[in-house]
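S.K.: Handing you this structure, nothing more for now.
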Amino acid sequence: VRMEKEPETTRLENGSLLQFYMERKTPTKISKTAVIKSQLRKSCSCTRERMKKTVMDFFPVLQWLPKYKCKEYIWGDVMSGLVIGIILVPQAIAYSLLAGLKPIYSLYTSFFANIIYFLMGTSRHVSVGIFSLLSLMVGQVVDRELLLAGFDPNDDPLEGSGGRGPLNVTVHNFTLGTMNMECGKECYAIGVAMALTFLAGVYQVLMGIFHLGFVSMYLSEPVLDGFATGASVAILTAQVKYLVGIKIPRAQGYGVLITTWVNIFRNISQANLCDVITSMICIAVLVTAKELGDRYKHKLKVPLPTELVVIVMATLVSHYGQLKERYGSSVSGEIPTGFIPPQVPSLSLMQRVAVDALPLAIVGFAFTVSLSEMFAKKYAYTVKANQEMFAIGFCNIIPAFFHCFTTSAALAKSLVKASTGCQTQVSSLVSAIVVLLVLLFFAPLFFSLQKCVLACIIIVSLRGALRKFKDIPQRYRLDKVDALVWSVTMLSSALISTEMGLLVGVAFSVLCIIGRTQRPHAALLGQIGNTVFYEDDEEYKNLLPVPKVKIFRFEAPLYYANKDFFLKCLHNKTGLDPAMEMVRRKKAKKKGQPSMEKGLGQGDTALSLVTKHRDIQAVIIDCSSIPFLDTAGVSTLKETFKDHAELKVKVFLACCNPGVIASLERGGYSASANKDMHELVFHSIHSAVQFVREGKTTADDSTV
């Protein structure tokens with residue numbers, strides 16, 4: 001292997017110079033074809049050991065369940081599973097309002113998601129199930145497709161029939177799997193949700209197959225937080241009509257938030273007094289219980305099942321008080337027991353919702369992977385991000401055949417799960433059993449439950465996301481750009497639409513990154529006392545300027561988009577623009593020509609030029625903050641060297657990383673300067689300064 005020697009000079013404490021060599025290795029070239037063949041050979045090999053490993057990796061439960069420490073783990077898993085199951089039931093029924101579906105489908109979703117993640121998940125603490133943001137996104141697509149199919153999304157068949165008896169509803173022909181069938185609004189709505197969920201799961205599995213997890217890197221914390229807060233505002237707005245008991249059309253398209261509030265105020269006179277009073281009481285009870293729970297959570301072994309208590313009490317009051325019959329209060333209606341036979345999602349509906357499924361897939365896996373990694377870091381174990389994508393993907397694909405809609409990990413339930421002693425995903429199995437009992441036996445008991453109670457549960461559950469508004473001042477103090485990204489994402493998610501808000505947030509975040517590299521910070525450096533260190537003279541006091549040397553630092557990659565800004569900063573900071581200086585010198589020579597003929601002023605002109613030239617002898621560019629160069633960046637440095645050389649001002653580079661040095665070598669930087677690389681590039685700023693100082697005599701002798 002060819003070794004390249006770069007001499008480096010430094011000064012010892014006694015003042016003598018020490019020269020040593022840094023040897024750079026030339027990377028060994030490996031054939032890409034050979035790498036591909038090796039990977040294919042490894043991937044396509046079929047041995048018993050490989051098949052066993054593949055199955056074990058695909059179903060992590062086969063790895064950890066045989067090692068399950070029953071005496072140590074069982075109590076915590078059972079307790080956390082029971083608590084999450086108790087929380088899941090009221091939340092599942094409530095979130096059905098967001099999805100525009102019947103409560104039974106929410107219970108199906110919670111049941112199947114917990115079972116599948118138990119088998120395929122790698123996180124021990126994540127709770128997978130219905131998530132409010134995804135439920136809202138599903139509901140928006142369901143309502144849109146219902147309108148396009150000729151249904152009224154706001155028409156509840158149960159209202160006209162008392163919840164029982166034959167229904168006179170519109171029917172719609174569509175293909176479900178391999179069958180052509182007719183169905184009403186409810187059937188069509190769940191058909192849309194099934195197709196949407198199936199495609200979202202397929203997208204997530206494809207992301208896992210092609211290792212596209214890097215997409216989540218563009219969903220930064222400000223983007224996710226802003227998206228969650230903006231969507232929470234939209235969720236709250238969608239629930240207000242249930243709180244006050246008015247019937248208004250669910251707005252579609254962009255600007256739903258404003259349209260909904262306009263419709264609410266137009267119809268506020270039709271508010272149902274019974275629903276308003278019930279909502280006020282439920283919100284007061286829920287908020288008080290939540291605040292007390294947060295204040296005394298260190299004393300409570302398990303969180304208070306406030307939602308379940310409120311639902312049970314509200315159902316009893318509604319049933320025995322006959323609130324629907326007497327006051328026209330809207331109720332949940334009949335929730336059947338058991339399971340509906342599985343069906344294949346409609347291919348024709350998949351074609352209609354293919355685009356809508358993509359943001360669902362990205363949001364779902366982003367929240368799942370980020371929460372998995374957060375808990376893994378907190379409790380000191382590892383998760384496989386790629387397997388998490390497979391797990392959440394199949395949590396959508398398989399349940400789509402069983403009348404379920406899109407799921408992901410949920411932060412609130414995951415935190416409760418971890419705080420109640422969860423050790424493994426056995427707790428998910430326990431939660432699924434709780435939901436199964438409700439599905440088989442207790443679901444019909446919630447017939448008289450008012451919808452305004454479910455809306456209260458949804459709104460109170462948004463407390464955490466809505467509290468993010470209080471963090472804006474602190475976020476602004478920490479990073480103004482992050483605060484701006486959060487605000488833009490939140491506003492676009494709330495005012496435009498949730499899907500568009502996510503897209504706007506990601507695009508704006510990327511633009512902010514590009515903007516930071518296009519106009520980065522640049523500084524002139526001074527020496528820290530009698531040391532070998534140099535820092536920004538605008539940020540620190542008592543720095544010593546290096547005589548006749550300007551040290552310039554550019555804190556960004558140097559590429560085509562910021563090369564002009566680099567030159568502008570360099571000229572402004574050093575006070576030397578080679579082009580302008582050459583123009584000034586030419587004008588000075590022209591003005592000096594008549595005085596030469598008269599024999600006067602020639603010496604003064606020459607002295608002025610020499611003095612101006614001697615103000616700056618060298619410019620050192622600190623490249624420690626330049627991670628890479630493109631061809632435009634290399635050309636900019638070459639032009640900088642050439643332009644300054646015409647003024648007999650030397651340009652040196654310091655603290656270049658190996659990638660930058662390699663780019664300079666490929667771009668012929670040293671060849672264009674007719675010098676060796678070790679005379680142009682130094683491993684430290686101080687080495688370059690010493691080189692300039694040692695070369696003073698030569699420079700002075702050569703300049704007249």
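For all residues, glycine too, the Cβ spot is worked out from N, Cα and C.
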S.K.: Looking at 226-244, 302-320, 644-662, which one does TrEMBL call transmembrane segment?
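M.R.: Based on what TrEMBL states, transmembrane segment spans 226-244.
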S.K.: Do the transmembrane segment (388-412) and the transmembrane segment (188-214) come close, with at least three CB pairs under 8 A (pairs 6 or more apart in sequence)?
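M.R.: Contact criterion met.
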S.K.: Same-chain Cβ contacts of the transmembrane segment (73-95) under 8 Å, 6 or more residues past its ends?
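M.R.: For the transmembrane segment (73-95), the sequence-distant neighbours (Cβ-Cβ under 8 Å, at least 6 residues beyond its ends) are 103, 106-107, 109-110, 127, 129-130, 132, 135, 302-303, 305, 307-308, 310-311, 332, 335, 413, 416-418, 420-424, 426-435, 438, 446, 449, 454-455, 457-458, 461.
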S.K.: As a test of reading the model: what is the averaged pLDDT for the domain 'STAS' (539-692)?
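M.R.: Taking every residue of the domain 'STAS' (539-692) together, the mean pLDDT is 82.
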S.K.: Thinking of Cβ pairs under 8 Å, which stretch from 115-138, 226-244, 483-511 has the most of them with the transmembrane segment (432-462)?
M.R.: 226-244
S.K.: If we skip the immediate neighbours and take only residues 6+ beyond the ends of the transmembrane segment (115-138), which ones have a Cβ under 8 Å from one of its Cβ atoms?
M.R.: 58-61, 84, 88, 91-92, 95-96, 98-101, 106, 109, 193, 196-197, 227-228, 231-232, 234-235, 238, 356, 359-360, 363-364, 367-368, 371-372, 375-376, 379, 381-384, 387-388, 390-392, 394-395, 398-399, 405-410, 413-414, 416-418, 422-426, 428-429, 431-432, 458, 461-462, 498-499
